[in-house]
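See below for the structure under consideration.
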Amino acid sequence: MMSTVFSAVVVSIGYTLLGWDFAALLEANRHMVKEFELDTGPSIEGITVAVSAFGAIVITIFSGSLLDWLGRRAILVHSSLLLLLGGFLMLWSPNIYILLLARLIVGSGSGLVFTCVPIYISETSPPNMRGLLGTMPQFMFFVGTIFSYCLIFWLTLMSSPKWRIMIGAIFAPSIVYLALLVYYLPESPRWLVSEGKISEARVCLQWLRGKKHDISGEIGTIVEGVDFISDTAIGTVQGQSLSGLTSSQIWPQNTFYWHLSDPLVDLLGSIHETMSETITGSRRNSFFPVFNSFYFPEHEHRDDNSDQQTREVYSAGEANNGDGLRTSLLSQTANVEVNDTNTSFTSEGSSSYLRRHGTQEFMASLHDHDIEEEDEETGGMALPHQPAYRYMENTRRHPSRYRILRLSETADMKSKWRVLLQPGTRHALCYGILIQALQQSAGISVLLRYTPEILKQVGVVSLFSDIGLSPHSTSILISALNALLMLPCITAAMLLMDVCGRRALILATTPILILSLSVMSLSTLLDTRSLECAILFHLALTICFCSYVVGLGPIPNILCSEIFPTKARATCMSFCSLSFWFGGLLSSYCFPVMLSTIGLGGACGIYALVCCIPLFLVYYRIPETRSLNLELIAGIFKLSRQPPYLQ
């Protein structure tokens, strides 16, 4: 998986540039005020931050459509070009207007990076490494912050610090970022499959996984997942209607998916463990057989004829420019006779659908109204735990055991905007938007940005007055040390993300975050001039940052890149990114106001209360997603919101 890790590191360089700009902007604002003679005018700090956020918000509005139109790799290349151009303009910036234009361009590039990088990593990472690699951007963000603080500290030792170098230095790493993206980064296989370029997707996936890795099962999973339609009215059903099935046959009430609609999702840990072991094993998924076709064991026993058929399927896929795989999977169903009468049917909560352009046929085994008790040896079980091509072969051998569901062209060409209105996607989008907004409203990012100023206010810089540094340089140095201390914590989060899970980490670290914010609030209410209070505040601030980077910092991005279906992932992620930027704007605007009215202690107390909201949201509403395929995660949210007639 070295190629997969390399690709994640390459795209995460964009977050290094974001971290550099994040730390350097506030310091550069201090020095550009005098040069542009803005002492009596509007705050240059507010202007530069607002312009950057405006550029990020505007580009984020269109980022979902751009990602679906041009692809993940192309958008990443464009983001590097924007950061490169913005860095060059900031290095030059002869007047305030060029500077604001540069900030607008950098903000646009930052918006694309923030939206696209988590999507790319989630779509290219295997399930057992997706949490680790999904935390990589957070790690690289603080790497960029540390380098930025080091450069700023060196410049503050000069008599006249060059603020253009502070913010324009991203020009150099942007060149490296652009070169790596252009020459070494493959396209996302899932996006290629969604565009019908299956042979190209196989090539990219094979490069990501390694030449010796068997990707046949994974590419089949992606094909089925991309073509999964959960809220489409099917024109006709040739065969038995699902309306006669009982709820226990379609949706066992003791399953993980049934309880997902219940607020007490914290009780599902053991169920999730059993489910993960079941779906990755060689036997059928006893929790929900609909998703058995989503998993393809690499070492599944197959006879010689099946192996030969596998080679023929994928060789045909390469020869037909990507359409061969889909054609091979569907060609065996073309001549199946339709004998039963028409019956209306709605497909939410049923199964995945393999589609082509125009009217298509999908094989669903609904034998004698029994989905779960079908004998496995007959080959007629509902969506069996076997590759799709073998499933199609079973339908040819035992046509009487299967029914045919026809998809109309209208259903096949359903707009991605209608996907957002599906119950499962709609609820996942609400959770994603809420958790991203709450992450920013918690105020930790503002505390990170204003760390040098906060340390000077509480008197921590006086601890280093004997080494001959100015208070401002000392605050920059302490901020760099704090950022350096966070790297081991982020490394621990990377290692634990796929072991403990997202829910466990955020539920364990958020109470620590709340406690540290409360201690910071109480310490500022005491005598701020005392050495003990300064040490207590700095210790609580460090614990606050460390707990944040393990839980509430990286996990919202990881969750938002996992819980949406492929067709709507880019659009939904753009909405989540918008809530992130709006939440950041609100927090940046309110923090100075709170400092002037209720003080630093009151602001920390409010942030502690806000952090309680994502804690309860994750506890009651967010399921565990570790070690699950993206297609299965999206299906969980879809099938957790069944219509009444299927419950």
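Note: Cβ is positioned from N, Cα and C throughout, glycine not excepted.
Here is what TrEMBL records for this protein:
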- 6-26: transmembrane segment (TRANSMEM)
- 7-626: domain 'Major facilitator superfamily (MFS) profile' (DOMAIN)
- 47-67: transmembrane segment (TRANSMEM)
- 73-93: transmembrane segment (TRANSMEM)
- 100-121: transmembrane segment (TRANSMEM)
- 141-158: transmembrane segment (TRANSMEM)
- 165-185: transmembrane segment (TRANSMEM)
- 476-497: transmembrane segment (TRANSMEM)
- 504-523: transmembrane segment (TRANSMEM)
- 535-560: transmembrane segment (TRANSMEM)
- 572-594: transmembrane segment (TRANSMEM)
- 600-620: transmembrane segment (TRANSMEM)
Cβ contacts the transmembrane segment (600-620)/the transmembrane segment (504-523), at least three under 8 Å, sequence gap 6 or more:
yes
The transmembrane segment (73-93) versus listed stretches 6-26, 165-185, 476-497, 535-560, 572-594: most Cβ pairs under 8 Å:
165-185
Return the stretch with the most CB pairs under 8 A relative to the transmembrane segment (572-594), choosing among 6-26, 100-121, 165-185, 535-560.
100-121
Is the transmembrane segment (504-523) packed against any residues at least 6 beyond its ends, judged by a Cβ distance under 8 Å, and which are they?
266, 269, 442, 444, 458, 493, 496-497, 533, 536-537, 540-541, 543-544, 547-548, 550-552, 555, 600-602, 604-605, 607-608, 611-612, 614-615, 618-619, 624
For the transmembrane segment (476-497), distant same-chain residues with Cβ under 8 A (at least six beyond the ends):
23, 27, 131-132, 134-136, 138-139, 142-143, 145-146, 149-150, 152-153, 156, 451-452, 455, 460-461, 464, 469, 505, 538, 541-542, 545-547, 549-551, 554-555, 558, 626
Top Cβ-contact partner of the transmembrane segment (100-121) among 6-26, 47-67, 141-158, 535-560 (pairs under 8 Å):
47-67
Contact call for the transmembrane segment (165-185) and the transmembrane segment (6-26): at least 3 Cβ pairs under 8 Å, seq gap 6+:
yes
Quickly jot the same-chain residues contacting the transmembrane segment (141-158) by Cβ under 8 Å, restricted to those at least six beyond its ends, or write none.
15-24, 27, 165-166, 169, 448, 470, 472-473, 476-477, 479-480, 483-484, 486-487, 490, 549
